[in-house]
Every structure is written in structure tokens, then in C-alpha cells.
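According to Swiss-Prot:
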- Cys633-Cys658: disulfide bond (DISULFID)
- Cys635-Cys654: disulfide bond (DISULFID)
- Cys643-Cys671: disulfide bond (DISULFID)
- Cys716-Cys735: disulfide bond (DISULFID)
- Cys724-Cys750: disulfide bond (DISULFID)
- Cys761-Cys787: disulfide bond (DISULFID)
- 627-673: domain 'Kazal-like 1' (DOMAIN)
- Ser942: GPI-anchor amidated serine (LIPID)
- 37-338: region '5 X Knot repeats' (REGION)
- 37-84: repeat 'Knot 1' (REPEAT)
- 104-141: repeat 'Knot 2' (REPEAT)
- 151-197: repeat 'Knot 3' (REPEAT)
- 292-338: repeat 'Knot 5' (REPEAT)
Amino acid sequence: MATVRASLRGALLLLLAVAGVAEVAGGLAPGSAGALCCNHSKDNQMCRDVCEQIFSSKSESRLKHLLQRAPDYCPETMVEIWNCMNSSLPGVFKKSDGWVGLGCCELAIALECRQACKQASSKNDISKVCRKEYENALFSCISRNEMGSVCCSYAGHHTNCREYCQAIFRTDSSPGPSQIKAVENYCASISPQLIHCVNNYTQSYPMRNPTDSLYCCDRAEDHACQNACKRILMSKKTEMEIVDGLIEGCKTQPLPQDPLWQCFLESSQSVHPGVTVHPPPSTGLDGAKLHCCSKANTSTCRELCTKLYSMSWGNTQSWQEFDRFCEYNPVEVSMLTCLADVREPCQLGCRNLTYCTNFNNRPTELFRSCNAQSDQGAMNDMKLWEKGSIKMPFINIPVLDIKKCQPEMWKAIACSLQIKPCHSKSRGSIICKSDCVEILKKCGDQNKFPEDHTAESICELLSPTDDLKNCIPLDTYLRPSTLGNIVEEVTHPCNPNPCPANELCEVNRKGCPSGDPCLPYFCVQGCKLGEASDFIVRQGTLIQVPSSAGEVGCYKICSCGQSGLLENCMEMHCIDLQKSCIVGGKRKSHGTSFSIDCNVCSCFAGNLVCSTRLCLSEHSSEDDRRTFTGLPCNCADQFVPVCGQNGRTYPSACIARCVGLQDHQFEFGSCMSKDPCNPNPCQKNQRCIPKPQVCLTTFDKFGCSQYECVPRQLACDQVQDPVCDTDHMEHNNLCTLYQRGKSLSYKGPCQPFCRATEPVCGHNGETYSSVCAAYSDRVAVDYYGDCQAVGVLSEHSSVAECASVKCPSLLAAGCKPIIPPGACCPLCAGMLRVLFDKEKLDTIAKVTNKKPITVLEILQKIRMHVSVPQCDVFGYFSIESEIVILIIPVDHYPKALQIEACNKEAEKIESLINSDSPTLASHVPLSALIISQVQVSSSVPSAGVRARPSCHSLLLPLSLGLALHLLWTYN
């Protein structure tokens, strides 16, 4: 029954997502189908509200979002409402004859997969044999045909209409004009919905996308022909238009010996009609997974991995060898975790599972594969195990009757293996060794164990650790979540992913304009990192990928172009990863992290990179302890700020000199107090606009100008990018503000609580004119008033520096706060202290646009990896030369669950940095981040922790929440 309900609900979601649905204007009319359905939920007001929104929605994207969220409010046990919603829509129950994926089987690359496909009756039947990571064409075809079959169900009992419709979706080539015309002739009078549904697919049919052949343009010998070719493929749709355009643009007739036309002919004569044959892309078949190959500990696995993901498909033997020697080898945990990050990144939250229900309602836990397919997979695994044997790639484990012996434990194991909970720090997903040993001792058929094997030896192969930082204790999932159904405090708009396969989901931090309803996420165009890659990056971004041949330490930087392809790739100098560092007479290999006193260090290609904290040790004398300030070079805690050429304000000249600045490279006064446009450095036809920035690249090479020169325009564009001036007047954009002779206060709409220009001190030691001005610079506020103290850097520091500062009270419940380095006041947040390789940043800047790389760029990139809208990213460059990243709850009164979510996001990002995961390292300039230390606001049983009170104790948290919600779109 549960399966039926799930399939009905799935059909409804699928149907409404792909086909136009007649929508009701305004509310639901009494007696309408929608009203009758929603009456089934009269005892559940939240479900009723969602139901009414579904039937009255006028936006297809809004409808899709509501349907994805509906199971949260209308559980599957409400059979009547789900049956009613399905039955109120035509075509849902009709099942097509045969499996629609049958016509796709010839697209399978591996012979075993092709055979399994021909014998299958559903996608589930091939999931064990066919690998999604390199059978992209097959799975895309199946998914498209499954969705297309919904269109044909609108034909009802009209045989001719149904057959012509099915002919479109059962072919593995692009449907021709005659096929589409036949559907229109036979179906137009029967079902307009069917015609609309078919048109949606035929107009966007992906298998014959002209841009897939852009690489052919590079074969043209004439530069003008190359440009014409690219322009034509980007703008023309039909083959006739493209051929005519190429003849005209290249001034040549189609000749088989011409490299350009030869390339087009080869792609059109593919062995699989309709599937464009690409040359090996410049990124390899999968640039993200290729990044992981260098993490292999054995040369065998490194070579196999490189063979599989570089320039040519690995054969079946290569895959089998990789499975046998590498896929389950504990020695290769670093490479395997990296590959898992690419295939299935750890994401916060799990819900809506019907079998693995103990995994539901866990909004602050990380999972790799919390979805319906994995839920079904766990149930299927249990059925197989009930036959008395657990088949692993390298060993078969005989077991007793698991229906009678610890069934709940076995279910937790099956679900853990499929849903894959992962640690925020290690990102490991294996169960703990003690659980493995316990279950095999109780329920393993030990008389039939393979020769020389015991429960302990088998578990040594499967789950070699009991370290709770690296394994999952099953006890967690033997009972439901204690949170029940209270999940709205923390939401996950992009999990599960609501976007099409070629688009990237981003959290909507803009809010809704003028209070109108809108989606909590955006789907943005992106590029895949190779032909076989599912790893998508945002259009317009710079990406670092390994060289396509897979040489260790060799990378290139590419841009994600408008065509959806990586382009303009530039080779970087190879890094010698064999170089080691000598520390205290001991050799440290590349990538090794370790501590020296209170400092954290990392060896990066032979260079030792360490934090520059001043340390006290157990051997420090009493005089040392008495004079210890905790500041760099033990400088006095005097606050006489100076502005460095890198755009950073330092508390004193002593500290500026200590971090390496010469006397001519800083001047007295804070950077914010300087006017970079006086005297005017721009030409007469240009306007000077202040642009404060803190630069991480070498100043002498790339500069760090605090202004930009923009052309003076007679008429400004009407683009909506609101800014607020110093008189608290709002303007459409910067151009209109300066055209009216005003001065910028901050970016974003004017906020009522920032009308009074009361200064605030940011965590970076800079005084801002208002809370809003600080937030628009991605800097969180430490306290109200001008900056007046150096702040606390060490647990051994004196708190006398902050004695005169009045800190706001903490209004968060159950939080043991942290104090960011250089700040005075406590904060409930997750904090990262990150070291970076300055040489790598300089190399990136040199290879790309020759411009300096700033702290703001780093923060904006990190922000894209925080998936919970209830948390946002702020940060600064500390006086100890670390990038400090703060992940802060944005609600006015953050709940303990929200603080925990921000902590988990911080721990996740720390792990991705420390492991050099392609999830982050593929993004320029995040690839220069080397090592991170995390500190989180731990939970305490009391209702809250309060700092020293002040008259601003209520105002600052309220301002924080409001400003974050309203300003985050503009920064």
C-alpha cells in the first residue's frame, strides 16, 4: 500500500512539474475539485493551506516548489487527499505498455549494462549494474522517456494518438518534424494538454543541441570562419539554417576532406543516432573526479583512477580492477572520500523517507544520499540479505535469519549504507567497527564464514575504525529523531535538488520583492567539468581543473562560458607535490598539517605555511607571562590605527611592521577615514568612486587600489541595484546616486534602523557609519561606537583592552559563545581561521585578469557553499594574517537548532578545505586555501549566555536579523 501511495504521489509531482495545469484564479471555488480534495485535510490546517495553494497557484515554478514541500505537511498516511489530488487530474493512472527505457539500451557503454537494460522492467533493475557516473547518455534517455510517457497518458483510450506520442519518446534520436506533425494531427482534438506537454520536450530536446558541436569550429583553418561558426551554432536551431550559415560565413562548400566539415559529418554519423560524439574535452572526462586521483596512496589506484576519468573511457576491466583494488580499500580513504564528494556531496537535512524513517527530521545532520531511490535501495538490500548472504565486491558474508536476529539493527545498517550519513569533519560514511563486530557475532552464520575469517577480520575490511570522528554509530538510527516534525526552524531549499540536470541550485538570499511570494532558491545556468561529469559550476566563474592527461600537480584555469562549456583554459605551472618540508629535523610531506606551539602549520609543495600567533609555552618565564600581550611581536595594546597598502587597518604601527609592512607602506589613520578620491586620480571624463577592499595578493605585483574610475554617463541604465546615500535617500543604482551629486553610505535598500548614522565597530577593527554599511562589506558588528580597542587574540591575553567596551547581550538560547580574534564581544557562530598560499593567489591573479584577489571574493565564494538560509557568511583578514570566516545565524532570536546548523556548515567547510576537496578547490580562488581551524558555539543546557549588558543590548540583535535579511542580496 505504501508503495502504491508513493507511486501515486510521484506521478502527481511529475505530472504537474512537466505539464501545464489549469489553475484557479483567486481562492478555491466551493464544490471545485480542489476544494473537495482539500476538505480531506480539514483536521490538519497546515496541510489544508498547502493544498489550497497547490490548486490556486498561477506559477508553474511556484507549483513545483509547493509539491516538493507538500509531503512535509500532508504525510503519506493521509491517503484520501493524495488519491483525490491524483484522481482530479487526467492521465495519471494510465501506465504505458512495456518499459519506456527499452529504446535507450543501445546507448549503454558497458556490455553488461546493455544486457541488463534489455531485460529490465524499471530503472531500479539496472541501478546495480549500470554506473550513473559514466552511463550518462543512457540514464538521461531513460529519465526523459519516463517523463515523456506522462505526456502520452493524456491520450487515454485513443490508440493512434497514444502510439504516435510514444514513438517520439521511445526513440533515442531527436524526433523529426514528421513525427511531431503526426502527434499534432492525431492528438490536437483529443488533448491540448498532451500537445503542450510534447511541445515542452521537443522544443528543448537536448540530444541535438547545436552548441554540442562548438568544438568543431576550432578545426576551421580561417579565423573568420571560426568566429562565424561559433556565432551560427549559438544562434541557429535547425540543421538547414546551420549549413546555409556555415557556407555563407566560411565562403566554402561542404567538402569531406575539409577538417571543419569532416568534424560535423563524424558527429552526425554517430554509432548512436542522436548522440553527439565529443572529442575528449580539455578537462578530461570528469575534471572533478580527476582531481581526486592525486590523493591515491598507491600507484595502482592512482593510475586506474586517472585512466577512468582522463581522456578516454576506461574499459570494463579497468572498472572491475578499480572496484577490486581501490573502491573498498581503507588505505585509499582520502581518494574515495574525495570521489564521494563529487558524486554525492554531504548535505544538511533528511526527510520524507518512507522506509528508513529513523533518518527523517534531522535538519542539522549531514547525508550524502537522502532520497527516494536510496530509501528504496535500502528496502531492496534487506530483501536480498534475508536470503542468507550479504554479497560484497570482495567477500560474501553468510548470515542467519535477519528477520528474527536483530532486524532493526540490520535495517539501520541497510539504511546507513544507502542514505550515507556523513561526519561534518571527516565526511566519512562507514559504520563503526564495534557495531559491525557485534552484529556479525550475533547474526553472522559463523560456520559458513570464508576460510580464515572471523567477525573481527571481516569488519577490519569493512569498518576498520571505532573513532567517532570517522565512523557512524548505528545507535543514532535505531530510534526516530527527537525533533519530531519541528523542522521549519532550519530549511534546505536546494536539498533535494529542485533544478534541471544542467543547472545549479543556489539559495535565494534576496528575499521576495515587495513581499510577493517567490521561491527560496534560484536555478542558474552552469557548466559540467567534462563529458561524463555531473559536477556543475556557475556560469561566468573561473574554475581550476587538473590537466586532462592527469599529471599530478598540473592544473589549468578555465572559465564557464555562456555556451555551457568550459573555455579559455590557461595552463598553470605544475606544482611539485613530491617536495617536502623539514621542520625540527623531521620531514613533512606535501599536504601534512601539524602544530608548532600554538600555531597551526601546513607543508605546501615544499613551502611551510604557518599562522603567526604569539605563543606562551609551559617553559615561559614569569617575566614572559607578565609582559605577554598576545599581539604579534608582543606589541603593546595601544590603539593608534594605521592603514596598510593592502587596505587593512592595523591597530598600531608596531603590528603593521610585524606583519611585514615597511614604513612607506602604511599611513596613520584607519583606511575608512581616508578619501581615495582626494586628490582625484581619474581622468576628466571619468568619475572616481571609492571602493574599499582588503587584498590578499602581493601589493607590489597587483596593487590594491581603493577606488575605481567609471565613465561619466549622461543617462544612467535603469538596472535595479539599490543603494543608499549619506542622507538616507535610496537610488536605483550607483550611477543615479553619483549623477545626483550624492555620496554612498552603503549598498542595498535604505533601512529604517540605519537612518541614524551611529557608528559601529566591525570585527575587522574598522569603524563603519552604520550597521548596514558594515554588513554591505560582509563584516559583522562587534559593538556600537567607534573602534577603540585592539581586541582579544589569545586565551592568555589580558581582557583590559576591552574594558571600556560595552558589549550587547546575547539573545540566543543554549549557546556558549566564541570571541573572534581581534574582537571584544562574544558571538554565537561557527568560526573558521584559514591559512592560504599567497604564491598560489599571485599565480592565479597573474594567469587570469592581473587584478588583486580580495577577502570579499573569498567570502562570496564560500557563501555559495552554505546551504541553510538561516545562516550567512561574514569575515575579515585578521592581524595574524588569517582569513577569519564567520557563519552566523540571521534570525532576530536564533534558536539552538539554527546555531547548530551554522556550526555544522562551518565544520563541513573546514573539512572541505583541509582535505583539498574539489567541492571547494575547483573554484578559483578557493583553491589557494590550505588549512582551516574551526571553533563553534557549543550548546549549553541553560537558556542563554549573557555578556555585559548595555543600552544597545536589544537593538543590535534586532538590527542584525533585519539587515541580514534585507541586505544579503546586494553583496
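Using N, Cα and C of the backbone, Cβ positions are placed for all residues, glycine too.
Feature annotations (Swiss-Prot) mapped to structure.
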{"residue": "Cys633", "record": "disulfide bond", "DSSP (3 states)": "helix"}
{"residue": "Cys643", "record": "disulfide bond", "DSSP (3 states)": "strand"}
{"residue": "Cys654", "record": "disulfide bond", "DSSP (3 states)": "helix"}
{"residue": "Cys671", "record": "disulfide bond", "DSSP (3 states)": "helix"}
{"residue": "Cys716", "record": "disulfide bond", "DSSP (3 states)": "coil"}
{"residue": "Cys724", "record": "disulfide bond", "DSSP (3 states)": "strand"}
{"residue": "Cys735", "record": "disulfide bond", "DSSP (3 states)": "helix"}
{"residue": "Cys761", "record": "disulfide bond", "DSSP (3 states)": "strand"}
{"residue": "Cys787", "record": "disulfide bond", "DSSP (3 states)": "coil"}
DSSP-assigned states of the repeat 'Knot 5' (292-338) in counts, ordered helix, strand, coil: 34 helix, 0 strand, 13 coil
Reported mean pLDDT - the repeat 'Knot 5' (292-338): 83
Disulfide-bonded residues compared (Cys716, Cys761) - highest count of Cβ atoms within 10 Å: Cys761
Disulfide-bonded residues compared (Cys654, Cys658, Cys724, Cys735, Cys787) - the one with the fewest other Cβ atoms within 10 Å: Cys654
Alpha-carbon distance [Cys716 (disulfide bond); Cys658 (disulfide bond)] in Å: 46
Integer Cα-Cα distance in angstrom, Cys671 (disulfide bond) to Cys761 (disulfide bond): 13
Residue among disulfide-bonded residues Cys633, Cys635, Cys643, Cys671, Cys750 with least C-beta crowding, 10 angstrom cut-off: Cys633
Candidate disulfide-bonded residues Cys633, Cys724, Cys735, Cys761, pick with smallest Cα gap to Cys643 (disulfide bond): Cys761
Composition by DSSP (helix, strand, coil) of residues within the repeat 'Knot 2' (104-141): 23 helix, 0 strand, 15 coil
Cα-nearest neighbour of Cys635 (disulfide bond) within the listed disulfide-bonded residues, Cys724, Cys750, Cys761, Cys787: Cys787
Alpha-carbon spacing, Cys735 (disulfide bond) to Cys724 (disulfide bond), which is rounded to whole Å: 12
